[in-house]
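Let me begin by presenting the structure, written as structure tokens, before commenting on it.
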Amino acid sequence: MSYANYRYMKARAKRWRPENLDGIQTSDEHLINLFAKILSKHVPEIGKFDPNKDVESYISKLDQHFTEYPSLFPNEHTKRQYTLNHLEELEQQFAERMFSENGSLTWQELLRQTGKVQGSNKGDRLTKTFEGFRNQLDKVQFIRKLMSKANVDDFHTRLFILWMLPYSLRKLKERNYWKSEISEIYDFLEDKRTASYGKTHKRFQPQNKNLGKESLSKKNNTTNSRNLRKTNVSRIEYSSNKFLNHTRKRYEMVLQAELPDFKCSIPCLIDTGAQANIITEETVRAHKLPTRPWSKSVIYGGVYPNKINRKTIKLNISLNGISIKTEFLVVKKFSHPAAISFTTLYDNNIEISSSKHTLSQMNKVSNIVKEPELPDIYKEFKDITAETNTEKLPKPIKGLEFEVELTQENYRLPIRNYPLPPGKMQAMNDEINQGLKSGIIRESKAINACPVMFVPKKEGTLRMVVDYKPLNKYVKPNIYPLPLIEQLLAKIQGSTIFTKLDLKSAYHLIRVRKGDEHKLAFRCPRGVFEYLVMPYGISTAPAHFQYFINTILGEAKESHVVCYMDDILIHSKSESEHVKHVKDVLQKLKNANLIINQAKCEFHQSQVKFIGYHISEKGFTPCQENIDKVLQWKQPKNRKELRQFLGSVNYLRKFIPKTSQLTHPLNNLLKKDVRWKWTPTQTQAIENIKQCLVSPPVLRHFDFSKKILLETDASDVAVGAVLSQKHDDDKYYPVGYYSAKMSKAQLNYSVSDKEMLAIIKSLKHWRHYLESTIEPFKILTDHRNLIGRITNESEPENKRLARWQLFLQDFNFEINYRPGSANHIADALSRIVDETEPIPKDSEDNSINFVNQISITDDFKNQVVTEYTNDTKLLNLLNNEDKRVEENIQLKDGLLINSKDQILLPNDTQLTRTIIKKYHEEGKLIHPGIELLTNIILRRFTWKGIRKQIQEYVQNCHTCQINKSRNHKPYGPLQPIPPSERPWESLSMDFITALPESSGYNALFVVVDRFSKMAILVPCTKSITAEQTARMFDQRVIAYFGNPKEIIADNDHIFTSQTWKDFAHKYNFVMKFSLPYRPQTDGQTERTNQTVEKLLRCVCSTHPNTWVDHISLVQQSYNNAIHSATQMTPFEIVHRYSPALSPLELPSFSDKTDENSQETIQVFQTVKEHLNTNNIKMKKYFDMKIQEIEEFQPGDLVMVKRTKTGFLHKSNKLAPSFAGPFYVLQKSGPNNYELDLPDSIKHMFSSTFHVSHLEKYRHNSELNYATIDESDIGTILHILEHKNREQVLYLNVKYISNLNPSTIMSGWTTLATALQADKAIVNDYIKNNNLNI
């Protein structure tokens, strides 16, 4: 072998893997003998199983073999498979059938059972034939055995396979076997190599020149493929194409490919003759699979080749339960929706079972991959590479030790240990042993220590880390700044060659200041240890490391180095200059005893991956893995997942125009007062973001020598800008995009202020570029009036404008006007994207008009001009140019437009009402409120009295009235019930329910005397009847205090039953009922219930099931407490003395206990005065929180609140907020009204409502007509009135709602809609009113 040949094979062997022999299919005896000869030198032979011999001795032999080669047989499955392969054909069939019936059989039991059945069978058996050898040891196991031997070098094994096998086979008589059977070696020698290599190694070609037609076809095809490659265009070859792949045995089958990320499955052709994965455009569109452009043109097809210029991102795919991640080229047409190539199966160790039509995945072979070598030019620095250095305790560098400053010394951290499973114990022990061995940790006696936790590595193993969160609370912050990414990238401008260095275990290269080690102690089941080097997880570590590396690099970081933490990028403008720069940096690292991770370093590259970006001479783009992370994101299920998604998007925001606008619907879900509800709006927002990342722009490096252009614009909720620079081709290329959401205060700015805000924010964002420019840069805006405001030297209008003008003095710029139609990019940054339609493919940068609700058609213009003739002032402006110039009004296409780009319209016309209706009811904003609707319309139109007309329209909108809640104070002042003249004349009653069961009771009957405030508490059950309640009231109240005159209670079925009515009639008292859901009516009982519940909690909170035992104590405690309303105790008012409450006091008796005595009368009078005073005070306090009552008159239409009253209330959260409207019949009290409820619900609800539960229904037939959705009209009850509007008859109908069948509604609808709902009633109305239809 020549030296040149050896070097080429050496380079090839570095990239080759043993799995590449998976494609071998052979039946040649010579080849098998060759394999057997090679194998015999490395792996001992294990003969076939003979059931006629001792089974146990063969089991022992196999067991010893498994023990000797553990890497080949890691589990029971591999041992069982090896055992099956060593059975003869008959025994193998029997064993497979036995294993399918009992999958838990071990390989030992498999042999014993087989020996029992087959041991008596006589006859000739197969010996070591070719098929026997293949069953004994397949090609993959052959390679694994070679690789498993310690004395076989990884590299030389690959070299042996690639070189010796073809070379030996060449000597065989059978010349074509190695070409047709060993496909991977053939591909390497014939198809993969360069043309120059083919000329040099002619001895690898078959010696017989008289090949058959088939061989000649193969040779020609290979040549065609090689010639095609010279044109830099790849070719995908399929069986239906002109160019076929004859180098391997081809097999096809169709499987369902599951795409879990997109919740779909597609039929997929598994084709071993294909060299690339493909998918059709139709499939991509149907399942909305994300794609991206592909710069490498690919030809596929036969006689008429086609080009491919797009491919999908890497997709997660499941085939027969095997998960793989791969990408597809997108083609226009193919025989199947998608196809998986042999290469993909190959790379994922997937084999095809042609008999079972299934796929199976083999275990991957672990290979030792050598780290990239240090270039020869830097060999002098080999001693600072990780290859020559093991981790050890670094020497301290004076002034750069890691200091742990604490806010307080006397602190205690929580101590809690967690049991660890065996897997984590092993990972912990490995980390501890390694740390102790290298000296970076030591045992500690610290009294405070943080716990450890485990995080998964990329390869699936666990890494032990210390959770320093408890300690970080006491650590003083380090204010040393981390570099801004944008400023780092700006320093790279002009560089053409790059080298990236990565420090090995970067944090562990810094020593901890002596005396601070105990502060970094950590605890684990093995004990307490402390770090001698800077650990990960401490809050001040990132800032200190940045200070450390900046100090080490010194002045170099100002000229040819940028570094972010342990990532160091060296950049230069020429090759010779770059060598000096790299040596300078390596020397500085060497002087500081720092070690580089050679495997992650890249030397002398034209483009590199650095801090998440691909950086080159032209500019920088985001890394594909960061883009794929966003593209593959599923729909967030909660706020946490949404924040994670927005975090990934925010990292890429400089590449996404209109970021703030695109994320606006998503950010709204993160507000505290917004309930989580995912809608199609949010889904479309995510899709729009993903579309922007399918083909992200290349941002150029900022160059201070080039001309600068800043384009700005503002929309309703955000500002946007794009910074560009002019290059040698006289074109402007973007340096960066910027967008920002406005604050609540900024949303109220005028249009001019918002446009100026866009300029101010953009200048602040790019201040490091724009503040120090020598030549003035250009600012382009689409707001003409803004130029005058900035260049005007007159006194500013307000303090905000004065601050802005002062800020602008720091910049050297000139501002120019460009119409919005030409300001595509900046306008798009700030405008609202239509969230109901996908973004057109060819309009990524087109501006989107945010007030596109009304098209300015010729018909609209003609209608406006016609309206002008009816308005004297506008007609004067239309005909007088001087007047227009004086008032700064322009005439465009016959329309009058003011300085704010608003179209002037006559006031209060049919045209203005149409505009209001379109924006309010037909626009993309759902029934906006008065302020929002006004702001939207004012963007494009204006007329005199516009605000008043919009207010009147919105207030009379039927949909808004019944669905939107009111935020005003409640109606109606408090109307206290006057006190009675004496105790136990006026009572109130209620039940306390939901109590735990105690002695068979689970409720409490509460009776309160409204005069003395005395309470009677009687345990009962929730299921108590009216008869039982009456008996209880008779025995516990009337028997002691006599008959009351009146009782106030709620509308409980007990008190409204006939039994209770008879009971009231018997004892001659009147029942008064509080209003439903109006607790203020019977506030006394509500307050008493709260007090009783508090007392019960105090005495039995620890044993709640004993509350019945404490009722007498609670009642005594309540009745002997001084009441705030009477200034006396209830007991004293009723009984005229105070009982002894403890053994240390005596009861106090009055001299006169007669009820009619003068003293008693005086006490009652005092109590009554106190009650009246309390009522006045209570009314004053309550009335401070209400607004003036709105008086309703009989015949007025009102709506009833659903949510608070329970009236017609359903659990459906999308039900209207109000029911109605209903007619007012009469006023039934100071604040109560009786309504005309439909007969269908009168029996269900009280027809009397407090004014606080009512809202006036505003109805203006001039404004609102056809207010009903025709699908909501069920049965029409009757027709109230009619109107003719624009030659259309509208009917005001009262009807039963289809959406809420228990609701009676009314509203305007067209005659046609009414006829569809109920033809008979409509015809009767037309006939009775003599309407001419």
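Placement of Cβ uses the backbone N, Cα and C atoms for every residue, glycine included.
Source: prediction; values computed, not measured.
In the record from Swiss-Prot, residues Asp566, Asp567 bind Mg(2+) 1; the candidate from Asp467, Asp502, Asp673 listed for the same site is Asp502. For Asp1050 (Mg(2+) 2 binding site), other Cβ atoms within 10 Å of its Cβ number 22. Summarising the environment of Asp566 (Mg(2+) 1 binding site), the number of other Cβ atoms within 10 Å of its Cβ, over all protein chains shown, is 20. Summary of the Mg(2+) 1 site environment: with the site residues Asp502, Asp566, Asp567 set aside, the chain residues having Cβ atoms within 8 Å of the Cβ mean position are Lys500, Leu501, Leu503, Ala506, Cys563, Tyr564, Met565, Ile568, Asn597, Lys600.
For the domain 'Reverse transcriptase' (436-615), the model gives a mean pLDDT of 87. Least packed by the Cβ count within 10 Å, out of the recorded positions Asp271, Asp502, is Asp502.
Taking CA atoms as the reference points, Asp271 (active site, for protease activity) and Asp502 (Mg(2+) 1 binding site) are 42 Å apart. The two recorded residues, Asp990 (Mg(2+) 2 binding site) and Asp502 (Mg(2+) 1 binding site), show a Cα separation of 77 Å. Asp566 (Mg(2+) 1 binding site) sits 74 Å from Asp1050 (Mg(2+) 2 binding site), taking the CA atoms of both as reference points. The distance from the Cα of Asp1050 (Mg(2+) 2 binding site) to the Cα of Asp567 (Mg(2+) 1 binding site) comes to 75 Å. Mapped onto three states, the DSSP output places Asp566 (Mg(2+) 1 binding site) in coil. Cβ neighbour count within 10 Å across all protein chains ranks Asp990 highest among the binding-site residues Asp567, Asp990.
In three-state terms derived from DSSP, Asp1050 (Mg(2+) 2 binding site) belongs to neither a helical nor a strand segment and is classed as coil.
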